[in-house]
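Q: Quick one: structure below, then a few questions.
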């Protein structure tokens, strides 16, 4: 069976679900069990190709005398060997399409990225910034000052040629980036409420931290209309429609060579890039304290990862348009979906000894390491105190959340148990009163009556026995 598909294939032409213990949120999957060359591990093939490549470099290629070049090439070769090992030997995750090796590759990239972050963390601030020159010589230079915010008029009457120039100036490449980003985040989280909460809370964070990072300073309509309603809102809406289609889709798979028509073969190839099966996420944060804290933790990590994007660029002197910034976003898009599925399975697992998935573990470690780099490289910026009115707002919000948590999971349960006990007592008293009015003894009266009758019977028996003895004598 294919690696990464956690199901047992039925026989050829089988039309029964593959997983008997399927959850109610999981779709039914039908598979003919075809195992082709595409799905095999190819561990020996990869080892042979890797050995040939290393042998060619060692025996046939002349080693350059450039120390810096050799160092870079040695590091890249070491990473490639590790990726080859991981792609063929690492443990499969929950996803298997388009191929399990694809997700094993991103798992290994996560390890490499975390090791890179650890290396940067252990350098001095100056050495860490200058080390990035080995990646790109244009890095390691302080970022130029930029003007953010500016004129926030939607209609600028002073500009006769184009009074809406402020709006057109905001329509840059970040608009489609926001839309695509939130479309993909919705596919990861699979919940409208959580997506909207994260979207709105991040705008509040931008308001709160604009005294630390100048690029957080935006116009009000850029925050709430362009970002929340248009870009983020439209991306979330399209993502929810895609989730609806995926949850209703029939997951029935056949081997490519078992499909008779060319149109069917092309359709099968296209559907190779869709999920093998589908699980609808039901987070249910208010169902228990455990799930409530877990959902709050997920939202916190999401917001922290978003903030790290901006703070890392600031402390490591990376321009927003640099390709490393884009590569980091692509990385999180690929690993985020796997991590969310593993977290959901971890929360939904009924076993007493649960284990967090490997990709979720790495994503959490990466997010924390990025935060530590920001704290070490620019503590002055992070320690700039919040304005008083902003700190008051966050304090009030925290108190409200804490109060609701205590009421929902502690006081409410105690109150409900107390009311239920009172209700049962009242019903018992009412039933006893009704029985007494009807002339029937209540439960306690029955017990008392039985005890009296037994005592009387015992007394009468004793008297009868005494009388019988007297008569005999």
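Indices start at 1 and increase along the chain as displayed.
Cβ atoms are placed via backbone N, Cα and C, with glycine included.
As annotated in Swiss-Prot:
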| type | residues | note |
| --- | --- | --- |
| CARBOHYD | 159 | N-linked glycosylation site |
| MOD_RES | 12 | phosphoserine |
| MOD_RES | 14 | phosphoserine |
| MOD_RES | 16 | phosphoserine |
| REGION | 1-25 | region 'Disordered' |
| REGION | 422-473 | region 'Disordered' |
| TOPO_DOM | 1-40 | topological domain 'Cytoplasmic' |
| TOPO_DOM | 62-74 | topological domain 'Lumenal' |
| TOPO_DOM | 96-104 | topological domain 'Cytoplasmic' |
| TOPO_DOM | 126-291 | topological domain 'Lumenal' |
| TOPO_DOM | 335-354 | topological domain 'Lumenal' |
| TOPO_DOM | 376-381 | topological domain 'Cytoplasmic' |
| TOPO_DOM | 403-473 | topological domain 'Lumenal' |
| TRANSMEM | 41-61 | transmembrane segment |
| TRANSMEM | 75-95 | transmembrane segment |
| TRANSMEM | 105-125 | transmembrane segment |
| TRANSMEM | 292-312 | transmembrane segment |
| TRANSMEM | 314-334 | transmembrane segment |
| TRANSMEM | 355-375 | transmembrane segment |
| TRANSMEM | 382-402 | transmembrane segment |
Q: Sort out the sequence-distant neighbours of residue 159 (N-linked glycosylation site) for me: same chain, 6+ apart, CB within less than 8 Å of its CB, listed by position.
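A: Counting only residues 6 or more apart in sequence, the Cβ neighbours of residue 159 (N-linked glycosylation site) under 8 Å are 165.
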Q: Taking residues 6+ outside the transmembrane segment (75-95), which of them lie with a CB under 8 Å of any CB in it?
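A: Beyond its ends, the transmembrane segment (75-95) has Cβ neighbours at 3-4, 6, 41-43, 46-47, 50, 57, 101, 103-105, 107-109, 111-112, 275-276, 337-338, 341-342, 345, 357-359.
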Q: State the residues, same chain only, that lie 6 or more residues beyond the ends of the transmembrane segment (292-312) and have a CB under 8 A from a CB inside it; answer 'none' if no residue qualifies.
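A: Contacts of the transmembrane segment (292-312) (Cβ under 8 Å, skipping residues fewer than 6 from its ends): 185, 194, 197-198, 201-202, 205, 209, 213, 215-216, 283, 285-286, 318, 325, 328-329, 332, 340, 343, 347, 363-364, 367, 370-371, 373-374, 378, 405, 408-409.
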Q: In the same chain, who gets a Cβ under 8 Å from the topological domain 'Cytoplasmic' (376-381) while lying at least 6 residues past its ends?
A: 121, 125, 128-129, 212-213, 311, 314-316
Q: Grab the same-chain neighbours of the topological domain 'Lumenal' (335-354) for me: Cβ-Cβ under 8 Å, and only residues 6 or more beyond its ends, written as numbers and ranges.
A: 23, 93-95, 103, 106-107, 109-110, 184-185, 187-190, 279, 281, 283, 290-291, 294, 298, 360, 362-364
